[in-house]
Amino acid sequence: MSIEDLKNTVTKLQERIQELEKKAGIIPDVPKSVRMVLIGPPGAGKGTQAPNLKEKFCACHLATGDMLRAQVAAKTALGVEAKKIMDQGGLVSDEIMVNMIKSELENNQECSKGFILDGFPRTIPQAEKLDSMLESRKTPLEKAVELKIDDELLVARITGRLVHPASGRSYHKLFNPPKKDMTDDVTGEPLVQRSDDNEDALKKRLVTYHKQTEPIVAYYQKTGIWSGVDASQKPTKVWSDILKCLGQN
């Protein structure tokens, strides 16, 4: 048997082993890509589910608030422009936000297999600008998944919420506690409770959220990419429902 024949035999054996390991559940079957928007009110579980999606699809998680802070801290051209507007008490324009997302998609290696957008778009003009940019890159959105939950349950959830500021990972004192009290499971760093995670502040945020989000949901329903998931369920059930929406059983 020649060296070339041996190489071919080894390659075939490796492929067969991988196939058997996948069937046995030893190697996860990594999907090709994901391009999605995650919609949901504060406390619906986006901070729990987005890292799961990122890991499952080997994609980037673009939480627009974190992205904006990172660009400002790194003093990128867009970050400098955004800081100037924020320092004057203004709102960062849709164009700057869409360009920041575009910059991440072009320069962040994690985005090569797709992206999970979280916190954007919040208005119809933002959704239209985002669609236009993504279509020009030939990477249109495939899915908009909405985490749906009753406001009263949200209030109960959020008043016990704990957050790891650096990563955005979130926990709950009752429903999803960290392994060690007030400590992030991954880094061992301390967790915090956000100052705006109180009942009055939350109710105001929810009024704003519903006003902003209903048109966005209608927009994605019209384009045919919207799916709703009951976010009042246990995180593991929410996760399996999200995967079903994405065609993963």
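The backbone N, Cα and C atoms fix where each Cβ goes, glycine too.
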- Item | Additional site residue, Arg69, Arg161 [criterion: listed by Swiss-Prot with Gly43, Ala44, Gly45, Lys46, Gly47, Thr48, Ser170, Tyr171, Gln233 for ATP] | Arg161
- Gly47 (ATP binding site) -> DSSP, reduced to three states, gives helix
- Note on the structure: Gly43, Ala44, Gly45, Lys46, Gly47, Thr48, Arg161, Ser170, Tyr171, Gln233 bind ATP per the record; greatest CA separation between any two, in Å, is 16
- Note on the structure: Span of Thr64, Arg69, Gly90, Leu91, Val92, Gly119, Phe120, Pro121, Arg122, Gln126, Arg194, Arg205 as binders of AMP, largest Cα separation rounded to whole Å, comes out at 27
- Task: Identify which of the binding-site residues Gly45, Gly90, Arg122, Tyr171 has its Cβ surrounded by the largest number of other Cβ atoms within 10 Å, counting every protein chain shown.
- Result: Gly45
- Query: Between Arg194 (AMP binding site) and Tyr171 (ATP binding site), what C-alpha distance do you get in Å?
  - Reply: 12
